[in-house]
Amino acid sequence: MKKKFSIVIISVLLLGYLAPFDTLLVGADETTVSEDTAVKTAEADSATEGIESETGSDDETAEEPKEAKEAEASKETTEKEEKAKTEEPASNIKTEINTDKSQLKQTSLKAAVPAGSTYNSLFPDDNLAKKLAVIITGNAAATGNESVDSAALLAISQLDLSGETGNDPTDISNIEGLQYLENLTSLNLSENNISDLAPLKDLVNLVSLNLSSNRTLVNLSGVEDLVNLQELNVSANKALEDISQVASLPVLKEISAQGCNIKTLELKNPAGAVLPELETFYLQENDLTNLTSLAKLPKLKNLYIKGNASLKSLETLNGATKLQLIDASNCTDLETLGDISGLSELEMIQLSGCSKLKEITSLKNLPNLVNITADSCAIEDLGTLNNLPKLQTLVLSDNENLTNITAITDLPQLKTLTLDGCGITSIGTLDNLPKLEKLDLKENQITSISEITDLPRLSYLDVSVNNLTTIGDLKKLPLLEWLNVSSNRLSDVSTLTNFPSLNYINISNNVIRTVGKMTELPSLKEFYAQNNSISDISMIHDMPNLRKVDASNNLITNIGTFDNLPKLQSLDVHSNRITSTSVIHDLPSLETFNAQTNLITNIGTMDNLPDLTYVNLSFNRIPSLAPIGDLPNLETLIVSDNNSYLRSLGTMDGVPKLRILDLQNNYLNYTGTEGNLSSLSDLTNLTELNLRNNVYIDDISGLSTLSRLIYLNLDSNKIEDISALSNLTNLQELTLENNKIENISALSDLENLNKLVVSKNKIIDISPVANMVNRGAIVTASNQTYTLPTVLSYQSSFTIDNPVIWYDGTLLAPSSIGNSGNYKDGKITWTNMTATSSSTLFNFNRLKDGLTFSGTVTQPYKSAAKVTADAEQTYTIGDTISEEQFLKDVNAKSSDGAPVTSDFATVVDLNTFGEYEVTLTSEKDGIQGDSCKVIVKVLHGAPVISADQTISYDKHATITEKQFLEDIHASTDLDTAITTNFSTAVNLNKGGDYTVALNSENEDGVKAETVYVTVTVNKDPAPIISAKTEITYDKFSKKTEAAFLDDIDADTNDGSIVTSNFATAVNLDKAGDYTVTLNSINSDGVAGTPTAIIVHVEKEKIATISTNTAQQYEKYAKINETQFLKDVHASINASPTTAVLESDFETVVKLDVPGTYTVTITATNEDGGVSAPKEVSVIVRKIPAPEITADKEITYPKFDEVSEAEFLNDIHATISDKNVAITSNFSTDVNLNKAGDYTVTLNATNEDGVKATPVEVIVHVQQGERPVITADATISYDKFANITEAKFLEDIHATSSDGQSSTVITSNFQTATNFKTAMSYTVTLNAVNEDGISAEPVAVTVTINKEPAAALKADAEVSYAKNEAVTESDFFKDVHLEGTEAPSTAKATSNFDSVVDRSKTGDYTVTINATNEDGAVSTPIEVIVHIEAESAPVITANAEVKYNKHEQTDERRFLYDSEAKIDEANVEIKTDFAEKVDINKVGTYTVTLTATNEDGQAANPVEVSVIVSDAAAEKVNVKYVDENGSEISAAETLTGNLDETFSIDAKSIAGYKCDATLSGVFSTVEQTVVFHYKAIKPGVVTIKYEDTNGKAVDEDKQITGEVGDDFEAEAQTVSGYSCRAIASGKITEEPQTITFTYSTATPSKKSGEITVQYVDESGKKLADSKKVTGNIDDSYSVEAKAIEGYSVVGDDSAKGVFTEKSQTVTFKYKKNTQVSKDDPKVKGKTNQPSSTDTKLKVDNNSLPATGDTENMILAVLIGFNMLIVASIFLFRKPKTNQ
């Protein structure tokens, strides 16, 4: 450990300018320990971390985001700071006694110890006296009355007198007497109650003094004479305001005064320099306002002023020229830094949490500044940041007002730039940041990152949570490893290509539709794209290092091929629109695959997935699992909720290790083809199986072999027989709810079943679960429904036997009986059951011993048949009615369908008026039905009315109804009275026609048919109208028609009412002239002549607008312009007016974006008058907290099963925002198996993070003999025995009488007994059953035996390095001391500190003692301590280091690059690098590394070769790929010099085309350029045969093949025609036509032959030769074919004529040179025809002849043979379509 720490310290010293200061964290609330311990530890850790990240690690390190690394570093730092709070700092003192008494003389004391002194007499403070007595005598039981002399006191050099809390009875308050300890060098008085330090003034040998946490210490008088003091700790002294006494201490190096009450720092020394050696000053958590005194400290390097809330500026520090570190964090009133230009040595400044700091413009011209941390401030202005050549870390996080970062340029050493959580909208240029490695810009308002370019070392980029709509090209970021652009507004990230180091991409939570091809990402390991609008991820292929893909919650329909993803482990594409996963195969590392919630219908074979363990395909449309291939390691398969689509399983024989299978909510066995689920029978490793809600499953016999099943859910199916489950002996939980099960005897022997749910079945005998209940299992069998066979009701009553059986075999009495039934002696009786056919029911319900059994039994019944008919029937005298007609008339029927009969014929006389009672009966199978009675009434006939049809009267005549009847001669044939509606129907005061109805009825109430008479009342003459001819009104005046008529004096001659169309003809809201027509109709409806009146309406005046000046809306409010105008009470002061209010509300205001908008309201009337506009400020607020409503309480039966969703439904929980889900603690806080009241809290949080007010709901769980406790009366235990309450209850045999597992016996055992103190204790036992009934308490006596003496054991010897810091506790650990560990109270002591001199080599004997609290003393043991001599330090380094010429470096960088290390802390490595190495000159230099420790021992020198060379440019790889990214030609390489440009054209590749030129610049990073080719679809070659007139002489033929293939066609023999020719070429992308022209047959000509050869420059054959034949003297033309990798030398074609002598044409080729910068193109012709319709015509006799001439006979023979050969060759062509 020591060696490791030494290496870390040396690394910090050497790599100071490289270590990331942002990880140097200082504890926020430390009060009692020196802060440098924590900071130095953090520095060491940071340096170590820096070394690891610079030198690299394994492949996995790259994929861990740097944030995670920093978080881990921060965690480690925090842990070490916490440790520092609990441990003493390095300066704390250990008691050390010098035993060489020969060196101590009484005369050396300034004040002699009085003779006969005791500790109590010499030291007035009893606690001090006792502590010193214990320390000096070595006797832990010392009382202070022991004698003391000067020698004993002078022997002490280090003394630890730290207290407990500063307020403990054992703490020291008076240090009088310490002046006698004149040889003290280290003294710790922390955590006491000291106020007077005067006794310390003579302790001039003190080097280290700790006075922290003395709450009554108000000043430091007494320390001013401690001239050798180097370390002083006065922290956490809340009353300490003045520390001026330290000013004169000449060698003081470190002061810790944090957490005091210092407001003014006065440091003056009239006698000399103020604190001339002080290097570190801790002043955190005080109230300083001025730092002037600190500026005068000549060697001050480290200043900690964190938490000085009143400090407003740092300018008073400007004179502290040696200051290297300032921690001014949490100085909440700090508004400005002021002028600190004089701090030329400053390396680090910490300003975190300075909430009023708005600018850091002073941070410039500081040549040594390495780290600036100013997060969580109020910074708006960065200034220029000029001349900061060593700045490596700049942290400006959470400065919300920081919008401009243009100052962040020209920082050549900057490595880390953290700007998250600011208000940045534009990045700026980021010029000259060549070493920037980390850039954090998350949570800003950035809209573009196009400026992020040319950052050659950038490896980490986070721009998440911004307003980006594009990511641009991200050029020149060759080392980018980590990229996060999530939570923006991106729609296209197609530029994410060619990042060779990128291993992490996060584009989630955007609106991305296009991802692009994502090529050249060889290092990519993680890709996150969830929550976008992506439809295509086919680009995910050929990524050899890809491990994780999350593209969930998108719109994906195309997932591509997933080729070449050998390391892919996790693939999540859930919640998309994928229809097929057939490409999920050949992924050798895939472990998890989630494709739930898609539209998948095809899952493919899913083979060659050897590591796949988890698959989720739920919520899809999969019809069958049959296609699933061999998945040898699959453990979990979830294919739930495919609903009606999933109907078949297939064989399922390819998943032998499957443990969990979820198939709920499907349609398995819909077609009956799944039979008995036998396809699952081979899955013998299954432990969990869910087949819930597959409503067509009725046979489960195939599950009988699944003997390892632990959990099985078969809810909601059609299962009746469960006998197959009797073999599943490992089942622990079984759910069979909602099936058709009646018999559960098959479950009786399942001994491991502890939870059974069989609710909603047809079970009425629960006795098979007796064994389960008796062993404590939970059985739920509620809501059973069972229907008994139908019984008959005789005289409306019936009785049945109770069929319901409880688990113990007894009858379970009904809990309620319907229709007032009665239960007695196991029988149920119903009476008064009057319905003819119905059912009744009874319920049963019992909850006991963990069994819930309830349900409803239905008893159908039917009674004897009943006759029904209408109650009465009426006939008229004389009617002829048969019995059959009568029964039909009264709707007679019998309930059982039997014929109905009556006594109608014998009882009723239809010729005699009166009422008759008829009886109706029925009979069936000899059983008489219930009869009924019908009353038959025989009545007289109806009268007939006669009268005149019309009559007329004069207007206003007086006519009575009697007169009217006489006038119309009204009468009836039966002389019955006639009535009319004359008086109500006729108005004799108004002319017109009226209809009067005449009615009459006989004495039986039989009514006559109504007769109607028309009465005419004569009318008056038409009225005459008079009025003014015109009138004028103001616009918008309010005039009624009546007022208008009054204004024009309208009247008539007979007083008839004048009416007009004024209301419709005149628009008083619109200026103009209107014509109004007056009319009048008299009371008889006679109309007068209409009269026209002109109405003039004048124009309106311009109005003004009034409105509210501000309006607020909730986010997403649905507000249109009309609603807005209403909400702001916008109105026009003139009313009415035609001016219409308008606004730009709908174009200006974005209701989905909170903010403030200005809306302009205008108005213009119809006459062109424009009102003055008004502006309204519209504020769109964040979404308000949702409101939850629910019932205040709810009650559930004990042991009920209720999910959280069901609970929320039961309490009618609703929320005002339908998009927000309600959550609760129901499932965690409510125990439905235990009666009582539970408080459940409902919560909800909306999308803006606003939380609803929690709503509390009381859940009552309903609740039987008081338990009795029995137990042993006494028991004893050894002291420190580890006895739990459960063990105690077991040991005393505590039991309760009811035996219920829910009745738990409790006790106060833990609180009533103390195993650390031997004595007897009384423990009380209590018990409360599950219903809250308490048992009588029982008392038990517990005796704790005394503790024996500890047996000490340790190593016989131990070795330490010279000067190694070792405390007594360290010594105990190192010798592995045993015997005093917990729980023993024995405390080990030793003379280690007094005996062992760690500064001196030698062997020392140390004695270890121990005594426990019960006074038992251990046998002492001795240990030999060896102090070893130091050795020379050892340097290690790399043998050589390479630099580019002119590269910026120095000695520190050299030490870092050579990995130079030394095995001793505080020893510096020195080099002659600066003298030996000329970085501007190429060569090899030898640098020597040396080091010497403080003892003068020199390390062996180490030589390192430094090689300076010219910078070399990396190669450029050239790839040629098709549309799928597959290589179609061998890759090539370009080389060149650094910064030179290169350009390369796409080469010709047969079958493909690409017209592109790619260019770039050679750099220090290897590059790859890719040509993307498109496949050429071959055209057809058509062969035509025509005569000289173009007429076809034979059928066309076609030749097909691939583009670039050679083809050859020969003229075939056509009877009567002659043509001898061969055509050849290459198949091209375009169609071609070859026409052979035939002439009329003539005598055969001789033929000639040409051989075409293809050779390289050495004559080596490159391709098969080709034969060309033709008629002698015919011309020929041949071309060189294209040969890949070669170019033609010379002419690429040859021409001539056929001769009798065979001829040879040879084409020579040379091999193409490698593509280079100077010659990127491949020469050579492709020989592909340029025309799309190539016609080759061979014209006999027309071509010039060349060559030799032979005799005619030989030519004929040769020609005939060639014709045969050619014919055979032609018809053997494999690709010629005949």
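Positions of Cβ are set from backbone N, Cα and C atoms, glycine also.
Matching 408-412, 753-757, 1743-1747 against Swiss-Prot, the residues noted as motif 'LPXTG sorting signal' span 1743-1747. Comparing 205-227, 390-412, 657-678 for CB pairs under 8 angstroms to the repeat 'LRR 1' (155-179), the maximum falls on 205-227. Same-chain residues lying 6 or more positions outside the repeat 'LRR 13' (435-456) and placing a CB less than 8 Å from one of its CB atoms are 66, 397, 412-429, 462-479, 484, 1564-1565. With a threshold of 8 Å between CB atoms, the same-chain residues lying at least 6 positions outside the repeat 'LRR 18' (545-566) that come near it are 59, 63, 503, 508, 522-539, 572-579, 581, 583-584, 586-589, 594, 1524. Among residues of the same chain six or more beyond the repeat 'LRR 23' (657-678), those with a C-beta under 8 A of the stretch's C-beta atoms are 618, 632-649, 685-703, 713, 715. Proximity of distant same-chain residues to the repeat 'LRR 15' (479-500), defined by a Cβ-Cβ separation under 8 Å and at least 6 residues beyond the stretch ends, is recorded for 62, 65-66, 442, 456-473, 506-523, 528, 533, 1565-1568, 1570. For the repeat 'LRR 15' (479-500), the model gives a mean pLDDT of 92. Sequence-distant neighbours of the repeat 'LRR 11' (390-412) (same chain, 6+ residues past either end, Cβ-Cβ under 8 Å): 17-22, 347, 352, 358, 367-384, 418-435, 440, 1448. Helix, strand and coil content of the repeat 'LRR 25' (708-729), in residues and according to DSSP, is 5 helix, 3 strand, 14 coil.
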